[in-house]
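Written below as structure tokens is the structure these notes are about.
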Amino acid sequence: MEDQKKLALLIVNHLKTQLSNGSFTDESLESMEVAVQCIESAYNLNPTESDDVDTKLENIVKDYYKVKEQKSNVKEISQAHKDEAENYKKYGNDFMKIQDNDKAIDAYTISIKLNPFNPIYYCNRAAAFNAIGKYNNAIEDCQKAIELDPTYCKAYCRLGLAFSYLKDYQKASSCYKKACELDPSNQGYQRNYQLSLNNLQTNSGTSQQSPIDPSSSILGNPNLMETAARMMTENPEVSSVINNILGDVTSSGSEGLDRLMQVGQTIVTRLQTANPNLLDGLRMQFQNAQNEGQPSPHNGFHDDEPQP
């Protein structure tokens, strides 16, 4: 639908709402009815098209003034504070790379305190929260990032990930859909949107189950070992992490099933902290393999989404 037609629908829907609240004189109501008819006729609208616009004109106006106020507040933050906030963001990114999510969260939190109007800081912290399984915290940060920038694709994507881990596939698919609408050329967003739709269909009625354990979805099913082996050969980053861990095990001489499970947990932890976007994609790939009985051909966001 063209933007001009959407705007016309927004205006018509708004006027129809005003007509039903009974707070206008008969003369005013008659004028609004005429206005509705004129707009519908001019833009060739029909009643069923009103359902295609899922927002309200008053909400758009409120969001506009909210963003305008936020931009005004941003001007009050000194350049020194902005620069320091950027430095702490870089520290947070570095901590993520060296497998220390807690310190990354602390660094991003300082960035937010120094400049609470930058959506990137919230979105980065959400990635760290997702990496350690604090999905509700990630949801809050993504929602704040979206409030600051309603066009922030990555925030919708990480919000979708958090909802996926909580098995709320309905909300997850809505987030991925929004990300795809904002960035139609991003193949990672498209693939994960399709995965979320598959999960929604396969897990119908189970969206409010308990959260997924960060490692159980990967380690709990021996039938997925073939998928794991394939990803080791296809993704050098995964292979490098696992080979380093196995080298540590060999040098220590440890044996037994308990140690093997410990190695599995260590693999998940290191992948999680070294590259949360990669592990996010791997989790979704394993989950799709569980749902459909075969490995998924995609790795989520790793190759499609740049580091923050």
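Placement of Cβ uses the backbone N, Cα and C atoms for every residue, glycine included.
TrEMBL: automatically predicted annotations, no manual curation.
As annotated by TrEMBL, domain 'SGTA homodimerisation' applies to 4-54. The repeat 'TPR' annotation in TrEMBL covers 85-118, 119-152, 153-186. The region 'Disordered' annotation in TrEMBL covers 289-308.
Mapped onto DSSP classes, the repeat 'TPR' (85-118) shows 27 helix, 0 strand, 7 coil. Helix first, then strand, then coil: DSSP counts for the repeat 'TPR' (153-186) stand at 27 helix, 0 strand, 7 coil.
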